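These notes concern the structure reproduced below.
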Amino acid sequence: MEVEPTDIAGKILALLRDAGSTHYLDHDQKKNTTHSVDGKEKTPDQTTKENPITEIAKKLDTPILIAAKNGITEIVDEILKYFPVAIDDLNVDKKNIVLLAVENRQPNVYQLLLTRKDLQKESVFGQVDNEGNSAQHLAARLGDYKPWRIPGAALQMQWENKWHEYVKNSMPLNFFPRHNNQGETPRDLFTKTHKDLVKNGSEWLTNTSQSCSVVAALIATVAFASANTIPGGFNEDTGIPVLQNKPGFDLFAISSLVALCFSLTALVMFLAILTSRYEETDFGKHLPRKLLLGLTSLFVSIAAMLLSFCGGHFFVLKEELKFAAFPVYAVTCLPVTFFAAAQFPLYFDLLRATFSKVPQRSSKIVH
């Protein structure tokens, strides 16, 4: 018999409520009276050493902190509903639910906390850990675990920029960047911890732009040559193309012009990337948009070049072979189609990263 996921979630939440009711009992009642074996109450002075299990439990994260660290928004919301005092829970590093959500890149939990009206945002979002790091510091610091599972260091750097800016802009207006115990501002920490990622992203963008610019230059050369070679030639008396107003000729003329324009646009975009300074702030908007525009123009120019070839080749065939040429044209397009299909995952990741306001974690595995 299969168990519905909703039933499992309900049982987990019920267990957490039972466990939480013990954890979030009034601490004053616990420390004012304790019970001996015979049932008589003892004062705190009469109480001996604290239970070792209790000391270990103090070092462990509470259920809401564990849920926030792992991005389980349903459990976070349920605990806050039944035990609002859980919002004040801290771990051994003095990190509360906001700091853990920011540090572990959990946008769903962070958005849940932003939208709750019953929170005192001044105290919850203004919490600092034992090293003096605020939420902005933890958003700026690059940890060992990278949840943005997307290919390419440049796109990872883009997500990091977006996450830092999102947390920074979501802070209350009276919050100003502060220094941690090492005297570092969030921007200083961002620059310090992202040096290697900026270097790797610069190399990745350089290699990608060099490869794509070669392809764009070849397409531009072929498109320019084909645009100046008119099938059928010109009428000697009027100078008008002989095959004008033919469907195949119109397809050839338009597609060759489109291929030339878009291939030159792609070439300019890739050259702009190659001549960029590769500053850390450039990875947020400027470089990804140039790469996106360059790849889009490159794909359009490849498709237009194929259409131009098919349109020009159509006049070479005999009348009885023209219908048989369509399967040949389809087979000719297969290699380019496979190339485009191989590049589409990168293209869609770049598209999503460029136009998404809030960076989202991905479940994809990137080797």
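Using the three backbone atoms N, Cα and C, a Cβ is placed for every residue, glycine included.
Whatever TrEMBL says is automated annotation, not expert-curated.
As recorded in TrEMBL:
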COMPBIAS  26-48  compositional bias 'Basic and acidic residues'
DOMAIN    203-315  domain 'PGG'
REGION    26-50  region 'Disordered'
TRANSMEM  251-274  transmembrane segment
TRANSMEM  295-316  transmembrane segment
TRANSMEM  328-348  transmembrane segment
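Secondary structure by DSSP for the domain 'PGG' (203-315): 85 helix, 2 strand, 26 coil. This prediction places the mean pLDDT of the domain 'PGG' (203-315) at 84.
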